[in-house]
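Some features that TrEMBL has for this protein:
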BINDING   I6, G7, A8, G9, N10, M11  NADP(+) binding site
DOMAIN    2-95  domain 'Pyrroline-5-carboxylate reductase catalytic N-terminal'
DOMAIN    158-261  domain 'Pyrroline-5-carboxylate reductase dimerisation'
Amino acid sequence: MTIAIIGAGNMGGAVLAGLLEAGHAPESVIVVEAREEQAAALREKHGVRTLPAPEAVAEADIVVLGVKPYGVVPVLESIASSLRQGTTVVSLAAGVPTSAMEPAVPDGVSVVRVMPNTPALVGEGMSAVAGGAKATPDAVAAAADLMGAVGKVVTVPESQIDAVTAISGSGPAYVFMIAEAWIEAGVHLGLTRDDATTLVIQTLAGSAELLKSGTHPAILREQVTSPGGTTAAALGALEQNGLRASFLEATRAAYVRSKELS
Ligand SMILES: NC(=O)C1=CN([C@@H]2O[C@H](COP(=O)(O)OP(=O)(O)OC[C@H]3O[C@@H](n4cnc5c(N)ncnc54)[C@H](OP(=O)(O)O)[C@@H]3O)[C@@H](O)[C@H]2O)C=CC1
Ligand SMILES: O=C(O)[C@@H]1CCC=N1
């Protein structure tokens with residue numbers, strides 16, 4: 001199975017590193033990068049091959065598109081004549097529907113849309129997979145297998161990909177912003193920045209583990225909240241300051257933006 005990754009920046013690079021970490025042989029991964037210095041850095045760091053796009057896709061069973069949304073269709077047009085029958089194109093781009101990509105590829109090439117997230121870098125990604133109208137079931141399964149190497153995968157109808165983008169695609173940024181604010185809050189209370197960082201990161205990681213155990217978040221929250229205690233005081237302040245409404249509004253904004261991009 002040869003995988004070509006066109007555009008190994010933040011997201012394509014996370015998939016690349018995650019795949020290698022999961023045991024994919026570096027020789028079976030070909031990277032296409034716009035700038036030679038970036039290509040050289042990836043060769044050096046990961047031991048992968050780098051090639052111009054047409055040569056890379058001519059060898060590939062799966063072509064992963066990690067370029068910005070506006071670059072997706074131009075890249076497809078530039079590689080169309082080199083794609084082999086039976087190749088699966090996996091687009092990671094936000095807001096680019098398969099209906100915009102399919103006309104740019106020859107018949108016999110499947111297009112699958114994936115919305116991943118950056119924790120793929122450490123094998124803890126969350127991806128949603130949606131096949132285009134012309135994608136074969138095998139191609140959708142191959143895309144799901146690929147992303148399964150770097151985290152969890154769900155298969156959704158393409159109509160839900162904008163919602164997925166708003167929840168898990170952009171989601172890590174919500175967590176990182178909360179972590180930043182939380183650490184600063186610790187510093188405001190007199191903790192050293194190092195200690196505040198350790199306290200916050202381990203609290204996030206431990207809480208994520210508890211959530212993964214399957215207990216409902218409301219039960220876990222109740223277990224921390226003593227009547228009339230410190231947590232109740234903090235949660236009251238979060239409610240008063242509109243935490244839930246902020247999440248509704250933030251994810252709605254991401255959803256609308258994802259639709260606008262298409
Ligand atoms: N970042 C994220 O968390 C997520 C991103 N995505 C999607 O992933 C895609 C990439 O985003 P992101 O990784 O953040 O962006 P980056 O800018 O970090 O990565 C894009 C990469 O593609 C390279 N590139 C641009 N044009 C070409 C080309 N013609 N051929 C080969 N390489 C090219 C860029 O090089 P150069 O820098 O030289 O331009 C860069 O390395 C987007 O479509 C985005 O919607 C999806 C989910 C999450
Ligand atoms: O911000 C973006 O547009 C991309 C898509 C999801 C995460 N990053």
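Backbone N, Cα and C atoms are what each Cβ position is placed from, and that goes for glycine too.
Summary of the NADP(+) site environment: with the site residues I6, G7, A8, G9, N10, M11 set aside, the chain residues having Cβ atoms within 8 Å of the Cβ mean position are I5, G12, G13, V15, L16, G66, V67, L92. Sorting the domain 'Pyrroline-5-carboxylate reductase dimerisation' (158-261) by DSSP state (H, G, I as helix; E, B as strand; all else coil) yields 88 helix, 0 strand, 16 coil. In the three-state DSSP assignment, the secondary structure recorded for I6 (NADP(+) binding site) is strand. The average pLDDT the prediction assigns to the domain 'Pyrroline-5-carboxylate reductase dimerisation' (158-261) is 97. Considering other CB atoms within 10 Å as the measure, the emptiest surroundings among the binding-site residues G7, G9 are those of G9. Counting every protein chain shown, the number of other Cβ atoms lying within 10 Å of the Cβ of A8 (NADP(+) binding site) is 26. Under the three-state DSSP scheme, M11 (NADP(+) binding site) falls in the helix class.
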